[in-house]
Amino acid sequence: MKYDNLLDRFIKYVKVNTRSDPDSETTPSTESQEAFALTILKPEMEAIGLQDVHYNPVNGYLIGTLPANNPTLTRKIGFIAHMDTADFNADNVNPQIIDNYQGGDITLGSSNYKLDPKAFPNLNNYIGQTLITTDGTTLLGADDKSGIAEIMTAIEFLTSQPQIEHCDIKVAFGPDEEIGVGADKFEVADFEVDFAYTMDGGPLGELQYETFSAAALEVTFLGRNVHPGTAKDQMINALQLAIDFHEKLPAKERPEYTDGYQGFYHLTGLTGTVEEARASYIIRDFEEASFEARKVKVENIAQSMNAQLGTKRVLVELNDQYYNMKKVIEKDMTAIELAKEVMEELTIKPVIEPIRGGTDGSKISFMGIPTPNIFAGGENMHGRFEFVSLQTMERAVDVIIGLVCKA
């Protein structure tokens, strides 16, 4: 009974295209996210017994409350998941359900793609389980619709079993996490909890309270275009300036060469002509000092190139995006200790590792609500090879229920 609607709920959610748009200036960045909140999630939240369900058109958050049914459970706990999906095709998501996976390749629909354990050895962790995959033409959207489905399923179970005592619970579904702005307008006053959890992690047992600190870097290169036949000592090729700039960054400090606590510079876009070029980067690191040092390094490279060119032709624009939430959460580890205790009681081994990324919890933690991250089940996220285990999603439901009953 506890999990009866989990799979159907998840399938229903992922079939709705809620891809966010980094170029949009609206909140949410796409109309489909608001429609998803208002036409699908809000009625369902009300139907399963959440109270004071309301949508804030200013920040795109849909919030509901389940009051405590035991006055001695005085903590207030929140659960957060994001509605948008990543920058990959999300039109006509057509999930495949693989019952009792027995190993080997999984053909993704009628496409030429397959999930191969040689390329994706994480498949070997799911022998005997029910896997939900893509058909090879889209992402799946388990990031983070598995989190939404898990929260909904846990609430539905609690309201159907009033004899199960629980604390005050707040639920929030928000927009635009994948483009890094989802929590920018989050209203703490509308989410009065002692701490919260984003249900936005990956495999079973993930419990995370360290994220990258993150910055966006835009570098504009100003060239001088003349006819290539008479270009000697006159032409300044903006594209070549971009190449020179990139080559001055440490070659081994890129995502493809780093892991664990190592930071990186990541070139995400390069456009331009001889006259003008633009390079987009993201900068990531865990430690505050090394994060700041990376930003200083790119400024110094630009200054050095401009000095050599004799004029300002390399223009740097740096914007911090979010910070490592460890700085906030380690001041009071209650949320982590509670989650560890609940997982261990459920015979789930907590896997406490840094997130090589960020969550909405990064920003929300700095707003005053410690918000670590818990597994939601997704694997190979953000692309056609994404999949999720139904059994892992069920365990996430168990963790949510355990947290609110133990609070």
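The backbone N, Cα and C atoms fix where each Cβ goes, and this holds for glycine too.
Among the candidates Glu178, Glu345, Glu353, the residue that Swiss-Prot names alongside Asp143, His382 for the Zn(2+) 2 site is Glu178. When Asp184, Asp190, Asp194, Asp200 are compared with the Zn(2+) 1 site residues His82, Asp143 in Swiss-Prot, the one appearing in that site is Asp200. Each residue in Thr85, Ala86, Asp87, Phe88, Leu139, Asp144, Met381 lies on the same chain as Asp143, Glu178, His382 and has a C-beta within 8 Å of the C-beta centroid of that Zn(2+) 2 site, without being one of the site residues. Listed in sequence order, the residues Ala81, Asp144, Gly147, Glu177, Glu178, Thr198, Met199, Thr359, Asp360, Ala376, Gly378 complete the 8 Å Cβ shell around the Zn(2+) 1 site centroid, once His82, Asp143, Asp200 themselves are left out. The DSSP secondary structure for Asp143 (Zn(2+) 1 binding site) is helix.
With respect to their backbone Cα atoms, Asp143 (Zn(2+) 1 binding site) and His382 (Zn(2+) 2 binding site) stand 8 Å from each other. Neighbour list (Glu177 (active site, proton acceptor), Cβ cut-off 8 Å, at least 6 residues apart, same chain): Ser20, His82, Asp84, Asp144, Ala183, Asp200, Thr359, Asp360. The sparsest Cβ neighbourhood within 10 Å, among the listed recorded positions (Asp84, Asp143, Glu178), is found at Glu178. Looking only at the binding-site residues His82, His382, the densest Cβ neighbourhood within 10 Å occurs at His82.
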